[in-house]
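Enquirer: Okay, here's the structure, questions in a sec.
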Amino acid sequence: MTDSPFKPLVFSGVQPTGSLTLGNYLGAIRKFVALQEDNDCLFCVVDMHSITARLVHDDLKEQTRSIAAAFIASGIDPKEHIVFNQSRVPGHAELAWIFNCVARIGWMNRMTQFKDKAGKDRENASLGLLAYPSLMAADILVYRATHVPVGDDQKQHLELARDIAIKFNNDFSSRIEEAGLAVPLTMGEEKVNAYFPVVEPLIDGPAPRVMSLRDGTKKMSKSDPSDNSRINMTDDADTIAKKIRKAKTDPDALPGDVEGLKGRPEADNLVGIFAALSDRTKADVLSEFGGRQFSEFKPALADLSVTVLSPIGDEMRRLMADPGALDAILLDGAERANALAEKTMADVREIVGFV
Ligand code: ATP
Ligand code: MG
């Protein structure tokens with residue numbers, strides 16, 4: 001983690017929009033588990049984001065609990081760290097409103113996720129979907145978090161969160177100083193009076209963007225209507241094996257080196273998944289499987305996926321059987337998160353000039 005005058009703090013969120021996928025696990029949750037060893041962390045079920053693309057969910061409460069269950073089943077310690085749901089901490093929405101006035105419409109219009117999710121009928125997308133990245137910036141900055149582990153698809157939103165922090169720090173520079181809240185931050189040649197840290201995205205590993213099993217050019221998503229496009233964290237062994245067997249591939253054998261994966265998105269994706277699940281590099285996986293057919297590689301990948309995911313899936317089901325216990329964890333987390341958020345919001349109200 002890089003030098004910063006701000007205290008290191010990790011924040012990340014997952015939306016309750018469907019069954020968690022292998023993409024969510026490799027791109028996000030598994031990194032959370034590693035980061036909690038050396039850092040203070042907040043892991044949030046971002047339920048307010050889940051109503052941006054679709055307003056009414058039949059089972060939002062259950063989805064929310066299942067994400068909390070996935071965090072805990074994957075190894076996150078909710079006592080040592082903070083696991084909570086976003087809508088319980090009003091500071092997220094309050095700061096998002098201020099950020100709506102910091103961010104520019106042009107910034108939002110450039111977001112590729114908005115374009116993808118709004119589809120052709122952009123005029124009919126919710127205003128919330130357009131403003132999504134502003135709420136996401138607030139999620140992070142209401143804790144003045146410094147590091148955000150996410151998948152590659154969130155890179156653009158994190159750049160926007162950095163832009164919001166920089167603009168807020170600039171626009172309110174003298175007010176921040178007057179309030180005695182300035183943190184001296186060096187930005188290139190310049191010294192600025194910062195209140196918000198400029199967040200660092202943590203996007204790395206061999207599978208920062210896991211692709212759909214049906215289309216190697218499309219991201220694997222929990223909200224994809226096709227269940228065969230993804231591996232769910234709660235799929236059983238037979239389902240995982242069947243989905244991997246059916247996964248789209250090309251007719252060639254696997255190449256001997258990473259260079260040979262160029263122009264072969266499906267092969268690249270499956271090798272990346274294998275590498276991430278086994279904590280190896282793609283080059284290392286190809287040194288074992290190069291020259292072999294998918295008919296040999298796919299069963300090995302299915303076995304590996306089952307070995308990693310089934311204990312987590314079993315534990316998720318066990319936790320989900322006691323919704324009261326999960327709710328208690330979320331409530332306790334929210335109380336602790338709220339205490340932190342309230343401190344920031346008191347400062348922000350002072351800086352902005354609200355009486
Ligand atoms: P939705 O389709 O509703 O947006 P999602 O699968 O994209 O669902 P999110 O809740 O939006 O999931 O994202 C949670 C985390 O998972 C984020 O850090 C995101 O970057 C990461 N993530 C999502 N999909 C992938 C993927 N295919 N590969 C790697 N990381 C991913
Ligand atoms: Mg998403």
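The count begins at 1 with the first shown residue.
Note that Cβ sites are derived from N, Cα and C of the backbone, with glycine treated the same way.
Curation does not apply to TrEMBL; its annotations are automatic.
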Enquirer: Would you mind telling me which of 219-223, 279-283, 289-293 TrEMBL tags as motif ''KMSKS' region'?
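Expert: In TrEMBL, the motif ''KMSKS' region' feature sits at 219-223.
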Enquirer: Pick from 16-24, 151-159, 259-267: which stretch is listed in TrEMBL under motif ''HIGH' region'?
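Expert: My reading of TrEMBL: the motif ''HIGH' region' range is 16-24.
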Enquirer: Can you work out which residues elsewhere in the same chain, 6+ from the ends of the compositional bias 'Basic and acidic residues' (215-227), have a Cβ less than 8 Å from its Cβ atoms?
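Expert: Answer is 15, 17-24, 53, 153, 209, 248, 264-269.
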Enquirer: Determine which residues of the chain contact the motif ''HIGH' region' (16-24) at the Cβ level, with the cut-off under 8 Å and only residues 6 or more beyond its ends counted.
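Expert: Residues packing against the motif ''HIGH' region' (16-24) from afar: 45-47, 50, 53-54, 57, 60, 63-64, 66-67, 70, 151, 207, 209-210, 219-223, 230-234, 273, 305, 309.
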Enquirer: Out of T17, V210, M220, point to the one nearest D139 (L-tryptophan binding site) in space (Cα versus Cα); all of them are binding-site residues in the record.
Expert: T17
Enquirer: Give me the count of other Cβ atoms within 10 A of the Cβ belonging to V210 (ATP binding site).
Expert: 26
